[in-house]
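What follows is a short report on a single structure.
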Amino acid sequence: MKSLLFLVLISVCWAQHHPDNSSLEHERIIHIQENGPRLLVVAEQAKIFSHRGGNVTLPCKFYHEHTSTAGSGTHKIRVKWTKLTSDYLKEVDVIVAMGHHRKSYGNYQGRVFLRESSENDASLIITNIILEDYGRYKCEVIEGLEDDTAVVALNLEGVVFPYSPRLGRYNLNFHEAQRACLDQDSVIASFDQLYDAWRSGLDWCNAGWLSDGSVQYPITKPREPCGGKNTVPGVRNYGFWDKDKSRYDVFCFTSNFNGRFYYLIHPTKLTYDEAVQACLKDGAQIAKVGQIFAAWKLLGYDRCDAGWLADGSGRYPISRPRKRCSPNEAAVRFVGFPDKKHKLYGVYCFRAYN
């Protein structure tokens, strides 16, 4: 060890007395390892798919370089899982484990565990997945002064839909947009989710908030009012705007649900208040916008009858385009926000399963 340190010292002194070679020496990095092989953390899969209500395992294992051993035995192993925010500016604690001690945080409490199928297994199990679980997770393993990380993305099967309130187009700041999505059984969509929806054919000319605070919109059929007819298809980006003062629509994301979505067969058409009561009388609640989109996209629900939804809008889902029922495309058709006291419609209900 003394001879090695002596050689390093000679190298440093030589560099100091030869300024012409300083750039070369600046790029040379000398690693001196005194405690054996380096700690490595590996995720066998970089992306995992699941759905709301399901269970999932995010893989993570740790080794020492050029060996099959999990730890040196000198220090206790500390495992920490965090969720990366969409802007990567901070991390949200999920679970920390060291020895026999475990601590989970926030809405992960009671839903997350380490798999520990072997002594080097730090994989994270998430149960009863919720929409907010979507995102990228970091597995960090620490042993003494060594640590390494791996990142795993959790993607959820679902549908992105544009949303604007009764007040009309461009009336939501970022915080109101988040609440609007939550009120409709959804969360504000990420850029990746909007991009995947665009690749699947989503075309919408109104700009909306995304979870990272940006404002964007997807165009598959370029046209004059939507960026120009000579532009290429893509996701148009307005950039980042003031979350308190700027006002746009929002893109929401929802996944499958644990319940039954249905059109209530009723002898008469209903006002909004009558529709709410009719669903309650049937042991259900008036359905939300996210639920009609999930039923349409994920279950193929098809009904050519406009019906009330919880936000006071009238909509109907068409998965089989036909004459008088969205002849050109499969879609959830929007008929507006009718007068709640005088307009008569059917109603879509949702009954949750216990």
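Residue numbering: from 1, along the chain as shown.
Using N, Cα and C of the backbone, Cβ positions are placed for all residues, glycine too.
Just so it is clear, the model here is predicted, and its values are computed rather than measured.
Here TrEMBL flags Cys205-Cys226, Cys304-Cys325 as disulfide bond. TrEMBL lists 37-155 with the feature domain 'Ig-like'. The domain 'Link' feature in TrEMBL is assigned to 159-254, 259-351. Positions annotated as signal peptide by TrEMBL: 1-15.
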Where's the emptiest Cβ shell within 10 Å among the disulfide-bonded residues Cys226, Cys325?
Cys325
The domain 'Link' (159-254), counted residue by residue under DSSP: helix, strand, coil:
19 helix, 30 strand, 47 coil
In sequence order, what residues of the same chain, 6+ apart, have a Cβ less than 8 Å from the Cβ of Cys205 (disulfide bond)?
Tyr217, Ile219, Arg223, Pro225, Cys226
Can you count the other CB atoms that lie within 10 A of the CB of Cys304 (disulfide bond)?
14
